[in-house]
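Straight from TrEMBL, the features:
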- 19-151: domain 'MARVEL' (DOMAIN)
- 30-49: transmembrane segment (TRANSMEM)
- 55-78: transmembrane segment (TRANSMEM)
- 90-110: transmembrane segment (TRANSMEM)
- 130-148: transmembrane segment (TRANSMEM)
Amino acid sequence: MASNTAMMGHLPNGVGVCTTIPDILYVPELLQIFGGLVWILVACTYVVPYNPQGWVMFVSVFCFVMTFIWLVVFACGSHGNSSGWATADFIYHFIATAFYLSASVALAKVTMDLKSDPFTKEYKLDISAVFSYVATLLYFVHTILSAIRWKSF
């Protein structure tokens, strides 16, 4: 762990993306362990207020696509260890955190509105609000660690 934190002023490439801090978080973000569950569960629901569900789907798909692109850029070494890419990494993860937080709040609101009958299929599927908050936490931690790396350049 000490060798990983000592490299904070360096952008990894290749397999190093999966072994350094904060870039190791790309793996669960890309696999959408939590975001993917949000995506799947929201797609399965039939809820009357479509707008919040549409926003949640947009955020989940947007973060999946952008995290994949980001991972490819870092894995290929296209960043050239530039401080500009460290800044962009921080900004992207900040935006992803803000998006997921707003989607989580909207999804929690819809879920709370269904609370009157907790045994319905829709209420059970809207447990995706919990996974949305976990994805928000994941992106938040990556944002903090990216900010520390950005400041160390």
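Placed from the backbone N, Cα and C atoms, the Cβ positions cover glycine too.
In TrEMBL, annotation is done automatically, which means it is predicted and not curated.
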Report summary line: Sequence-distant contacts of the transmembrane segment (55-78), meaning Cβ under 8 Å and at least 6 residues beyond its ends, amount to 11-15, 17, 23, 26, 29-30, 32, 35-36, 38-39, 42-43, 85, 89, 92, 96, 99-100, 102-103, 106-107, 128, 132, 135, 139
**Report entry** For the transmembrane segment (90-110), distant same-chain residues with Cβ under 8 A (at least six beyond the ends)
**Finding:** 35, 38, 42, 47, 49, 52-53, 55-56, 59-60, 62-63, 66-67, 70, 126, 128-129, 132-133, 135-136, 139-140, 142-143, 146-147, 149-150
Query raised in the report: If you average the pLDDT over the domain 'MARVEL' (19-151), what number do you get?
Result: 79
